[in-house]
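Undergrad: Here it is: the structure, laid out below.
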Amino acid sequence: MNAKFILLLLVVTTTMLLPDTQGAEVIKCRTPKDCADPCRKQTGCPHGKCMNRTCRCNRCG
């Protein structure tokens, strides 16, 4: 019983701590500057990161 409760807490905590990102569309990049225009078109905000040669767009405020 205790192990199930701990596992449930771990799952809930993990989902709460995941970053708020959008991006079903795969955008190839080499630098974060490559992500600004595609992210602006996708989310309306130029905030994005280039991670593993793929843009990860973040929402504004």
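Keep in mind that glycine also has a Cβ here, set from the backbone N, Cα and C atoms.
A quick note: this is a predicted structure, and the numbers were derived from the prediction, not measured.
Residues or ranges marked as disulfide bond by Swiss-Prot on the basis of similarity to another entry: Cys29-Cys50, Cys35-Cys55, Cys39-Cys57, Cys45-Cys60. Swiss-Prot lists Cys60 with the feature cysteine amide, giving similarity to another entry as the kind of evidence. The signal peptide annotation in Swiss-Prot covers 1-23 and rests on sequence analysis.
Help me picture where these features are in the structure shown.
TA: Under the DSSP three-state reduction, Cys50 (disulfide bond) is assigned to strand. Cys50 (disulfide bond) counts 17 other C-beta atoms within 10 Å of its own C-beta, drawing on all protein chains shown.
According to DSSP, Cys35 (disulfide bond) sits within a helical segment. Long-range Cβ neighbours of Cys35 (disulfide bond) (same chain, at least 6 residues apart, Cβ-Cβ under 8 Å): Ile27, Cys29, Gly48, Lys49, Cys50, Cys55, Arg56, Cys57.
A 10 Å cutoff on Cβ-Cβ distances gives Cys57 (disulfide bond) a total of 23 other Cβ atoms nearby, all chains included.
A coil conformation is recorded for Cys60 (disulfide bond) in the three-state DSSP classification, outside any helix or strand.
Under a cutoff of 8 A between CB atoms, and with a sequence separation of 6+ in the same chain, the neighbours of Cys60 (disulfide bond) are Thr43, Gly44, Cys45, His47.
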Undergrad: What's the most sparsely packed of the disulfide-bonded residues Cys29, Cys45, Cys55, counting other C-beta atoms within 10 A?
TA: Cys45
Undergrad: Please list, in sequence order, the residues in the chain of Cys39 (disulfide bond) that are at least six apart in sequence and whose C-beta is under 8 Å away from its C-beta.
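TA: Counting only residues 6 or more apart in sequence, the Cβ neighbours of Cys39 (disulfide bond) under 8 Å are Ile27, Cys45, Pro46, His47, Gly48, Cys55, Cys57, Asn58.
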